[in-house]
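Asker: This is the feature table in TrEMBL:
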TRANSMEM  60-82  transmembrane segment
TRANSMEM  94-113  transmembrane segment
TRANSMEM  119-141  transmembrane segment
TRANSMEM  161-181  transmembrane segment
TRANSMEM  187-214  transmembrane segment
TRANSMEM  226-244  transmembrane segment
TRANSMEM  250-270  transmembrane segment
TRANSMEM  282-302  transmembrane segment
Amino acid sequence: MVEIAVKALSLVAVVGLALVLKRVGWASIRDFPLVSRLVLSVTLPCALLTSFNEYTLDTALLSLVLIGLVATSAQQVIGYLLARRRGRREQAFAVLNSGSFNIGAFGMPYLSGFMGPQAILYAALFDIGNAVGGAGIGYGWGMALSREPGRRRWRETLRTLLGSPVLITYLALLAMQLLRLRLPDPVIAFTGLVGAANPFLAMLMIGLGLEIRLDRSKYAAAARHLAVRYAFCAVAAWACWTLLPFGTEVRLVLVMVLFAPIASMIAGFTGRAGLDVELSSFMTSVSLIVGIVAMPTLYVLLTS
């Protein structure tokens, strides 16, 4: 229990360090894109390469990809239906901001710290479905609702998916696992060194991007969207923990990632759609705070 608390507080302390650096003027939110690129394009792929190389994938676990896709898409459908009386733009906002999880940059530092490299493999499989649902289906659907749908919109969606270094890494590693391929030891020595920096840089990135600002008139909308999100996640977590025929470690990973924050890319998608970026950014920041508390709490409750 003490060890888990120390690990959780260490990750939170890095977020706090980033906030202090912003306060004293040594860093600012303008540094967020650089750190984000380092995490998503360098340290996270290296951490994934190292983790995947150590284990042989049980093909039964490929169903985690489907679970990730369903968890993401189901929230989008619920958001769409609940906003049907508020017009297409409200539906577009609900679709874009309802279903997504920040697993790579947020969830994996927690999982690797608490449970080790194999937990990263389980989370990565879930995240493949999450990425397709959030950056693929949800992005295309939300854009179509906010504007006129067309061929170019779906080409843009495909470019968004294929432009994700993390998703490309996932797919390459999945193919290597299915083909039983392994990277040579010198490569893994390098990726292990670089990937070890991922938890620190990922949490530093989160602290740099954390901004809690919102016009008071929008609090009700934020509360409505977040209440729907966490009601769904609570039910889904209960179902994963009690109904799925996986081992305890796999089910625990699923429960924890369901309380990961809204993906950081969603505010950008919302801006591209011409919707309320301030509201989207506020919801993402609140979900970060929830994730910081919920993920270690769930781990302690379900393992004690």
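Cβ from N, Cα, C; glycine included.
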Asker: Which of 60-82, 226-244, 282-302 shares the most C-beta pairs under 8 angstroms with the transmembrane segment (119-141)?
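Answerer: Per the Cβ under 8 Å count, 60-82.
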Asker: Counting only pairs 6 or more apart in sequence, are there at least 3 Cβ pairs under 8 Å between the transmembrane segment (250-270) and the transmembrane segment (94-113)?
Answerer: yes
Asker: Looking at 60-82, 161-181, 282-302, which one has the highest count of Cβ pairs under 8 angstroms to the transmembrane segment (94-113)?
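Answerer: It is 60-82, which has the most Cβ pairs under 8 Å.
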Asker: Cβ under 8 Å to the transmembrane segment (226-244), counting only same-chain residues 6 or more beyond its ends: which ones?
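Answerer: Here the qualifying positions are 67, 71, 74-75, 78-79, 82, 98, 250-252, 254-255, 258-259, 262, 283, 286-287, 290, 298, 302.
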Asker: In the same chain, which residue numbers or ranges, 6 or more beyond the ends of the transmembrane segment (60-82), come under 8 angstroms Cβ to Cβ?
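Answerer: Contacts with the transmembrane segment (60-82): 91, 94-95, 97-101, 121-122, 125-130, 132-134, 137-138, 141, 145, 225, 228-229, 232, 236, 240, 244, 246, 250, 254, 258.
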